[in-house]
Amino acid sequence: MQLAKPLKYAAISGIVAFVGLMFGWVIFPAILKSQLKKEMALSKKTDVRKMWEKIPFALDFKIYLFNYTNAEDVQKGAVPIVKEVGPFYFEEWKEKVEVEENEGNDTINYKKIDVFLFKPELSGPGLTGEEVIVMPNIFMMAMALTVYREKPAMLNVAAKAINGIFDSPSDVFMRVKALDILFRGIIINCDRTEFAPKAACTTIKKEAPNGIVFEPNNQLRFSLFGVRNNSVDPHVVTVKRGVQNVMDVGRVVAIDGKTKMNVWRDSCNEYQGTDGTVFPPFLTHKDRLQSFSGDLCRSFKPWFQKKTSYNGIKTNRYVANIGDFANDPELQCYCDSPDKCPPKGLMDLYKCIKAPMFVSMPHYLEGDPELLKNVKGLNPNAKEHGIEIDFEPISGTPMVAKQRIQFNIQLLKSEKMDLLKDLPGTIVPLFWIEEGLSLNKTFVKMLKSQLFIPKRVVSVVCWCMISFGSLGVIAAVIFHFKGDIMHLAVAGDNSVSKIKPENDENKEVGVMGQNQEPAKVM
């Protein structure tokens with residue numbers, strides 16, 4: 001028995017609506033997910049791989065120095081007063097070199113190189129980099145603090161070494177041009193014949209701490225970032241490609257061939273998270289991201305804060321901080337023991353970089369209130385000093401990022417050194433940096449064209465199929481049962497119903513149908 005034409009149309013329309021529903025909510029998401037898994041992996045053919053190897057645009061790198069306005073008083077034990085000078089703006093170009101793949105275990109080995117270009121026109125008003133900054137002598141204080149930690153009985157010898165190398169300084173501060181301490185370098189005179197300074201310089205040359213360049217005539221050149229600029233980092237990083245499992249993309253599995261560090265205690269020695277330049281797709285606000293920082297020898301675990309948007313693209317904002325090592329069980333393994341953790345918001349980097357430095361959020365944001373009491377001139381503000389990253393959740397692409405960190409040092413107080421005996425002994429700020437990313441219009445358009453435009457087109461087509469299919473079913477059903485509907489309507493019109501008046505009089509009222517005489521009222 002063949003179906004009537006209207007029912008055929010209804011069946012076809014129903015199929016169209018069903019196909020639209022299935023394609024829009026089942027088939028297309030599966031296709032998109034499958035395609036994203038291929039595109040987000042670090043295989044040679046993907047655009048993500050090309051951008052991962054060499055970011056095709058510069059990152060914002062801003063440095064803020066703290067100028068000490070009462071250095072002479074601090075030398076006598078006064079609370080330091082600081083004034084922030086900055087930003088000194090640099091373009092930061094990132095590239096990975098000596099890239100080697102291992103398809104068998106789905107990994108890539110690489111080294112990295114960073115290039116910094118100073119842009120005075122984008123720096124703070126009037127800043128040229130030639131400004132003289134008064135700040136603690138980092139090299140001098142590092143020498144004293146290292147001896148204090150490693151061999152405190154040798155502080156007297158360290159005092160003689162400092163006097164010999166720095167020509168009997170009157171205080172622990174240096175007066176230095178901004179670009180000199182940042183990149184160009186300041187000269188450390190190791191051309192000494194006295195025992196203490198000569199022994200100290202020999203040790204320095206042997207251990208070759210970060211930031212040191214060896215010059216002729218026993219001279220050393222020290223800067224904060226000069227050694228890193230346009231130089232290949234010697235460490236070999238191994239990460240997952242994500243071809244076999246896209247959720248592993250960029251995950252650090254080894255550095256210099258070692259699958260764990262030998263720096264901290266227990267689980268803190270594990271490499272957890274990506275290398276910070278790529279993240280897995282399909283993020284939800286419940287996901288806890290992880291990235292590993294080789295500079296700080298630790299992983300960070302940003303958490304979801306709120307939903308945001310960037311250039312019309314919906315994003316999720318994640319935030320992070322340094323943490324409270326004493327009260328967070330996950331972080332206590334960064335301390336020698338739970339009762340020897342630094343104050344909230346501080347991390348001791350000595351074991352990581354072999355230099356007595358502490359890191360915190362800028363202006364001690366979210367740190368122990370005592371840190372702010374020990375320095376005047378700081379004004380922590382979450383908007384200006386917090387760590388935040390806005391991710392496009394489907395692809396896991398960072399759209400906007402502000403990674404901020406402050407470096408601090410202790411003004412060591414010690415009776416064994418005349419230069420240190422009156423210092424306040426507190427931890428004070430040196431400088432803070434902001435590494436920023438804002439995906440430019442070119443790559444925003446690329447993301448939209450590859451991800452969101454197809455999604456919207458498919459969504460519109462599917463809704464049209466569902467709408468027209470549903471309307472087609474309704475119309476076909478109505479058309480098919482049109483005769484029955486009309487018959488019922490006619491039958492209803494030809495019927496007479498009696499209505500009983502409100503009073504009990506013997507009256508009848510008829511309702512007039514077709515070809516019927518008017519009813520009489522009795």
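Including glycine, each Cβ sits where the backbone N, Cα and C put it.
For C335, the cysteine that Swiss-Prot lists as its disulphide partner among C341, C352 is C341. In the disulfide annotation of Swiss-Prot, C333 is paired with C268 out of the candidates C268, C297, C352. Per-residue pLDDT, averaged across the topological domain 'Cytoplasmic' (480-522), gives 49. Residue with the densest Cβ environment among the disulfide-bonded residues C335, C341: C341, by other Cβ atoms within 10 Å.
Ranked by CA distance from N105 (N-linked glycosylation site), the recorded positions N67, C335, C341, C352 have C352 at the top as the closest. Classification of C297 (disulfide bond) by DSSP places it in coil, neither helical nor stranded. Its Cβ taken as reference, N105 (N-linked glycosylation site) is surrounded by 10 other Cβ atoms within 10 Å in the chains shown. Here C352 (disulfide bond) is positioned 13 angstrom away from C333 (disulfide bond), judged by their C-alpha atoms. Using a 10 Å Cβ-Cβ cutoff, C333 (disulfide bond) registers 17 neighbours. Cβ neighbours of C352 (disulfide bond) (same chain, under 8 Å, six or more residues apart in sequence): V263, L296, C297, R298.
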